[in-house]
Structure formats: structure tokens, C-alpha cells
Amino acid sequence: MFTIPSPCLKNWLLDTGSLTERLQSQCTSFHLTLVGQRQAQITLEEFRRVSAPNQELNLEEWQVREVLLWGDNQPWVFARSILPQRLCESDFVNLNTKPLGQLIFNDERFKRMPFELTHMSPSKDFLEKLHIESEMKLWGRRSAFTFEDLQMTVSEVFLPNSPAYQEMK
Ligand SMILES: C=C(O[C@@H]1C=C(C(=O)O)C=C[C@H]1O)C(=O)O
């Protein structure tokens, strides 16, 4: 078990509202960049979290979506979501740079499950790509959402300049 180092960080990690909306309230200009969205290699662990019992892993049934959420031109959150292909062809069609939260939090058919929290030391490659010098430990969370008979996961990592670490600077 681990201790979350600040009440501020704990509040961000466990906030069940739309992270997009909360980040937007903390900056003048918010934007989202799409790192990628495609039928790609989901890990076995990710598959176990979203699949139904006895479901076979078929990569064509899932999309991996990775985005960066920026506040005042600072990368604040990296998010990786595992989305059912069926949702990508219906409710999430042409999502592109529209934040997933705008769809999820305005549709009561999406039900959020409890958060899983984690902390990590990001790879040098990941930090270099984002021109982040800080080597601090990063904290993140993952939650699964159910939608009718489907499940999806949203994982979010708070990056060093995000307001989640405000009190720790
Ligand atoms: C789930 C939300 O959507 C945000 C937007 C995401 C996207 O567009 O891929 C991913 C993670 C979230 O931070 C949210 O706003 O809380």
C-alpha cells in the first residue's frame, strides 16, 4: 500500500467529475492533442479489465486512444483509454480532439467504477518527447466505465506541471 503525498494530489486523483472540466477551470487556454487512436496492441492486463468472462482477445474489437491534455500550453495529463470498437463506430465516432469526458459525463448510460491508483517513474524517452525535465514520481489513476454490455478504461497520468502537484512544488 502507498501514501499519497499531498491532500491536493489525493483530491485530484479521486475526483469523480470530468477531469477535462476541472483542468479547464485551472487555466486560461485548455487544449487536447491526439497522440493516437487506432486498433492497437492492448496489453493482456488491459484486456482482462475490459473483457467479459471467457471473451477471446480480438484486437479488431478494441481501440487504444492516447491523448495529452494541456493547460496554458503545459502538458498536464497523459491519458490512455481502451475503447470498444463498437463505441468508436457509434457514440465515439469522429471523436478526434474532442475530450472523451464531454461524451461520458453527459450520458448516464456510462457508469464509472472505483479508481485504481498508481505511481510510476516515467521513462526518459516519455519525458524527452514532452520536453519535461522533472524526474519526479508521477501519480495516476485508472477507472473502468460500463456502457450497457460493454466496458472501457480510462487511465490518466498527472504530469509534473499539472495543478495536481501544486502543493508539492
Ligand atoms: C474522462 C475524461 O476525459 C478526458 C479526455 C480523454 C480523451 O479525450 O481521450 C481522456 C481522459 C480524460 O482525462 C474526463 O474529462 O474526465
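Easy rule for this one: first residue shown is 1, then count along the chain.
Glycine too: its Cβ is placed from the backbone N, Cα and C atoms.
On a predicted model such as this, the values are computed, not experimentally measured, just so you know.
If you look up TrEMBL, you'll see Arg65, Leu100, Glu156 marked as substrate binding site.
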Given the substrate site residues Arg65, Leu100, Glu156, which other residues of that chain have a Cβ within 8 Å of the mean position of their Cβ atoms, reported in sequence order?
Glu66, Val67, Ala79, Arg80, Ser81, Pro99, Gly101, Val154, Ser155
Spatial neighbours of Arg65 (substrate binding site) that are distant in sequence (at least 6 apart) but have CB under 8 A:
Leu34, Gly36, Gln37, Ala79, Arg80, Ser81, Leu83, Leu95, Leu100
Residues satisfying Cβ distance under 8 Å from Glu156 (substrate binding site), sequence separation of at least 6:
Leu19, Val77, Phe78, Ala79, Gly140, Arg141, Arg142
